[in-house]
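Novice: Let me give you the structure first, and then I'll get to my questions.
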Amino acid sequence: MILIKNGHIVDPQNNLNDKFDILIEKGEIKKIEKNIQPFAGCEVIDAEGKIITPSFTDIHVHFRDPGQTYKEDIESGSKAAVAGGYTTVVCMPNTIPAIDDVPIVRYIIEKGEEIGLCRVLPSAAITKGRKGKELTEMALLKDAGAVYFTDDGAPVMDSFIMRKAMEYAGSLGTFVADHCEDLNLSQNGVAHEGEIAAALGLPPLPPEAEDTMVARDCILSIQTGMPVHICHISTKLSVEIVAWAKAMGAKVTAEVTPHHLYLTDEEFLDFSCIAKVSPPLRTHEDIEATRWALASGIIDFVATDHAPHAHYEKMQELQACPPGMLGLQFALPIVLELVKKDYFDLNRMVEVMSIQPAKKIGLKPPQIKEGEIAELTIFDPFETWEVNKETILSKSKNTPLLGRKLTGKVKYTFFKGKIVYRD
């Protein structure tokens, strides 16, 4: 048995936003009351000053397995996930080979279950080999356990293919998610087209490369009546397009990454390849737009786009180095900062970190409720910690946050009634 004492529980699903004790027996939440007395043989966790929420779900991570496990693998990725308070993650299909066949889908699920730290689920490719030419066998992949379809890392440039994919996935009760980038506009750009790129002489990547593809996908959703999900939305205009599409009745959802809520293109001022990400880091105006869109519900939830790369890969010259940065361990402190700055409250934080992403992939969100299996995150909202190579649990350490201090630290993560992470 485990008794969690004195923690402040936040779970809008059960109208909880107060200080309670939680008694967990054989993995199940037995009691949620004030002043539960400890007894012999019971592990007591003193959560005074801590916040307890349902554990988090991230529908967009890159665990690089199969094919690039020198960057990350399912075990190291799972360790990073639970250290960030996550108990469900969805792996992207830009592996080697791509997740476009049933055996690879099964491999991801079985490997995650074998490790057992968190729920590791696969997405599957929209097109074979992620080449944008021919649709995968979506029905077979979904039956094998793929939770949705995406060619993430690359857009679906062919609008006819994208329309057919939306119709096929929608008929199966799932959805497609698009990496919205018009390659004819982005060319080989590396930094947001603006003052910073111009001053540094960096190849510019215009925001229209994202905006036009977001508009296309939203229009296809309106016309077909089928759902579409916008990955890592990052521009003010894209936010406005999604708001318009939702007002038109489109079944469109959107995610935003922690780095697009927190970091700007000023990270390039030291010419650091660590700052290269796709879509690129944007301006303060774009960040402000995404923050308020997340608060209002135009953006539905947070997804980290956790993208590990080896040190030597990120030390190449800008055009050669791969885009991407870590995110799983930094999402909580970044989103929590928005709570502290009054963009939204803790209830909304739980919505965007836990409830809405779980619902999006058809899962019942974790709940803090008597009779439920404990899937909880306990964090200290005021603990400051340094991001360094020791505190990062991923194999790779590629983040512009190295050496910086963040406030908000996960102390315990419960998965299927067991403690899978303790700080």
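Backbone N, Cα and C define each Cβ position, glycine as well.
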Novice: Going by Swiss-Prot, HIS60, HIS62, ASP305 bind Zn(2+) 1; tell me which of ASP152, ASP158, ASP178, ASP211 is listed for that site too.
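Specialist: Answer per Swiss-Prot: ASP152.
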Novice: From HIS309, HIS311, grab the residue that Swiss-Prot records in the same substrate site as HIS62, PHE63, ARG64, ASN94, PRO323, GLY324.
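Specialist: Candidate listed by Swiss-Prot for the same site: HIS309.
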Novice: Select the most exposed residue of PRO323, GLY324, where exposure means the fewest other Cβ atoms within 10 Å, treating these as the binding-site residues.
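Specialist: Each of the binding-site residues PRO323, GLY324 was scored by Cβ atoms within 10 Å; lowest is PRO323.
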Novice: If you take the centroid of the Cβ atoms of ASP152, HIS179, HIS232, the listed Zn(2+) 2 site, which other residues of that chain have their Cβ within 8 Å of it?
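Specialist: So the additional residues around the site are HIS60, MET92, THR150, GLY153, ALA177, ASP178, CYS180, CYS231, SER278, ASP305.
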Novice: At the level of the C-alpha atoms, what whole-angstrom distance separates HIS62 (Zn(2+) 1 binding site) and PRO323 (substrate binding site)?
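Specialist: Between the alpha carbons of HIS62 (Zn(2+) 1 binding site) and PRO323 (substrate binding site) there are 12 Å.
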Novice: Would you mind sorting out which of ASN94, HIS179, HIS309, PRO323 (the binding-site residues) have a C-alpha within 10 A of the one on HIS60 (Zn(2+) 1 binding site)?
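Specialist: The binding-site residues close to HIS60 (Zn(2+) 1 binding site) (Cα within 10 Å) - there are none.
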Novice: In Å, rounded, how far does the Cα of HIS309 (substrate binding site) sit from the Cα of HIS179 (Zn(2+) 2 binding site)?
Specialist: 19
